[in-house]
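> For 332-387, the entry in TrEMBL reads domain 'Kazal-like'. Per TrEMBL, the feature transmembrane segment maps to 30-48, 68-91, 103-129, 141-162, 216-235, 255-276, 283-305, 502-526.
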Amino acid sequence: MSEPTVEEKCKPTSQQDLCIPRKKAPKDPCCSSLKIFIVALSFAYFSKTLSGTYMKSAITQIERRFDLSSSVVGLIDGSFEMGNLLFLAVVSHFGARLHRPRLIGMGCFLMAIGSALTGLPHFFMRLWLSFSFDARWVGAWWLGFFVSSAILVLAGVPFWFLPRSLPRQGEEGNENFNVDQGNKEQSVLPNTHSVKLANIAKGFLPSLKRLLCTPAYFLLLCGIVLKFSSFIGLLTFKAKYMEQQFGQSASRANFLISVLILPVVAVGIFLGGLLMKRYKLSVVAGAQLSFITSFTAFLLLLFHFSTKCDNLPVAGLTVSYNGTPEISHDEHSLMSQCNQDCSCSTSEWDPVCSDSGITYMSPCLAGCTTFTGKGKNTVFHNCSCVLTPSPVEGSRSVSLGQCPRGPRCTRSFTSYMAVTVLSSFINSLGTTPGYMITIRCITPELKSLALGIQTLVMRTLGGIPAPVYFGALIDSTCLKWGIRSCGGRGACRMYDSNMYRVIFLSLTTCLSGCSYFFIIAVIVLLRKQFRKEEVKALQQTASKQNETKLQSPEMCHPD
């Protein structure tokens, strides 16, 4: 009897077909742990960005609420980055050894506590104002911090129900993955804990030295710090600039930023990544695209110097009591013959507007003696300091609030927003290509360290000091400081808008402009580097071809 062939041995019998079910390929579940993690992480990042962005939108309200200068408010805003730096080293060291999803969940809860604590001082403090009467009304600035705190709590919940390790793409349906992975982790953990800190330091310091001695990376890091400083300073005080320069309210300024600028930036970042993928741009091409888009946006921002509004006419500060334009920092200029018998306080800030378009710091400084109505409808009469062409009945009256800006200022603000939206879109096109430079110009074993050092340096040298020195320079343009009830200088009530514009825009453009010198140097270095690599690759290919020809056997021909 002949032996069965291999095919017959491997062919299952009918009984085996009935008893042993065939294994099917694992299906990709619609709600796998990997997909849940990606969705949860995206929502957590959105929540974190919402909290940080709201802090910048509430800058002016916090400044007025607690009578703080712009430099102090900038320091408070920079403290967010200080908190990040405190936990950056700890999380980087223990992140790979602990339950990473739960560690992210703890971070969300910690940020939720911090956001709630930021709004809590409102309930502990010198200040209940009527929105219908007091010009210092600041609104419910604290409410947004509690809303963002609640969102952060919700964002942290899913991470507590995720496994310690996530399956790779295509392995979501493998039931034995968690068991096998857990066994692997248990076998690896003892070796991981046995590694000493000294051994880690021995590998860290040479890697750091090697990284910082890479010319392209070091120059790119310098350019990024300058560019990030300009961006943080602009983002922190942009809404305040729109208020002081164009007379916009805080709510309207923040609304326009969120509705017009942020969506355009998001679309630009997406399109920039799409361009990188569609045309498969190299590192040099990506660097050139990032430079061109950023520099074009920089040139567009120079038009902001010409989009301006004149100083608001305020008696004793920007104009004299007879209507002559003049900038004054002297407290004595607030008094005049028309109000010297009224015993007015020069520290009071309750502005009123006259029909002539001149704003007075208070009804007393306007020389008013009587009033009618109440709340926001209060009108003050018989104001001896109000300029009128003729003593007509009721023409020497003032109403609450600063005088509105003219139609020319409205047109300038429209031009300002149009240039801002266009420049933001163009600049965002180069965001993804610029990020890819750091990843591709560094050797693979140094990429994680390069990104970590870049984040650390950006936050230390850019995110923390930029709001402080931006705020200090803005404070230098103040014309009228408020006085706290306990004494001491409070928040600025009135700025010299012309000087504000020049200083704020000059600082922003100088930081951005200096960054381009470093970026150009990076592009030149990358071109030289990749040309050398191309020549080397061609030489290696040619040498291999020559070796192949020499090693090929010669054809033998019979005589």
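Placed from the backbone N, Cα and C atoms, the Cβ positions cover glycine too.
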> Using a Cβ-Cβ cut-off of under 8 Å, list the residues of the same chain that are 6+ residues beyond the ends of the transmembrane segment (502-526) and lie near it.
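For the transmembrane segment (502-526), the sequence-distant neighbours (Cβ-Cβ under 8 Å, at least 6 residues beyond its ends) are 215-216, 219-220, 222-224, 226-227, 229-230, 233-234, 237, 241, 283-284, 287-288, 290-291, 294-295, 298, 301-302, 304-305, 437, 441, 470, 473-474, 476-477.
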> Near the transmembrane segment (216-235), which residues from the same chain, at least 6 beyond its ends, have a CB less than 8 A from one of its CBs?
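Result: 56, 294, 437-438, 441-442, 450, 453-454, 457-458, 461-463, 465-467, 469-470, 507-509, 511-512, 514-519, 521-522, 525-526, 529.
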> Can you give me the average pLDDT across the domain 'Kazal-like' (332-387), rounded to a whole number?
89
> Going by DSSP, how much of the domain 'Kazal-like' (332-387) is helix, how much is strand and how much is coil, in residues?
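Split by secondary structure, the domain 'Kazal-like' (332-387) comes out as 6 helix, 11 strand, 39 coil.
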